[in-house]
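Listed in Swiss-Prot for this protein:
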- 38: N-linked glycosylation site (CARBOHYD)
- 72: N-linked glycosylation site (CARBOHYD)
- 77: N-linked glycosylation site (CARBOHYD)
- 113: N-linked glycosylation site (CARBOHYD)
- 172: N-linked glycosylation site (CARBOHYD)
- 208: N-linked glycosylation site (CARBOHYD)
């Protein structure tokens with residue numbers, strides 16, 4: 001009788017122990033599942049953000065439609081680079097852009113000068129010597145001439161360009177040796193996205209009756 005009672009108690013204790021182990025396993029599995037779900041959610045959000053940034057990086061950038069120059073019979077002393085955002089590009093803040101230009105012997109880095117800004121959306125002569133973008137031009141600062149800007153996003157203090165905008169970057173290139181047949185290379189590098197590529201060779205001769213020439 002005592003043996004049967006002992007065996008019954010032993011089975012009861014064993015059943016309780018098994019139940020405790022089972023509950024512990026369920027709790028551990030629940031915690032593990034919660035951690036996995038949270039980690040999965042974080043990784044998904046991170047991947048989505050990274051993918052969006054990568055898409056913006058690839059799609060965004062600048063394109064150069066043409067480069068015009070004005071010469072003084074021996075060198076190109078004024079250069080205007082016409083730029084617009086790439087198709088599908090995010091808005092680009094030109095105050096953060098950097099322009100690098102080289103003639104093979106010299107290299108110049110230009111940054112934006114807020115005082116060298118001109119709005120010509122109603123028309124005008126970009127190469128007019130009286131324009132502030134040339135008066136304030138230096139060997140290290142570039143100016144901006146706004147040609148097309150429907151939403152008026154490109155201002156002197158915040159020169160941001162977006163879809164449909166067209167501006168000219170103005171450079172004082174007097175410090176370069178841009179004599180005839182000189183190769184010029186460079187980039188207009190925005191804060192993010194693809195740069196605009198500058199690559200041209202100056203004309204074989206500079207004619208008095210044609211002060212403004214197309215370079216690229």
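Positions of Cβ are set from backbone N, Cα and C atoms, glycine also.
Recorded features from Swiss-Prot, shown on the structure.
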residue	record	Cβ contacts under 8 Å, 6 or more apart
38	N-linked glycosylation site	none
72	N-linked glycosylation site	none
77	N-linked glycosylation site	70, 71, 172, 173, 174, 178
113	N-linked glycosylation site	136, 137, 138, 141, 142, 143
208	N-linked glycosylation site	73
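Taking the Cβ of residue 172 (N-linked glycosylation site) as centre and 10 Å as the limit, one finds 22 other Cβ atoms among all the protein chains shown. According to DSSP, residue 38 (N-linked glycosylation site) sits within a helical segment.
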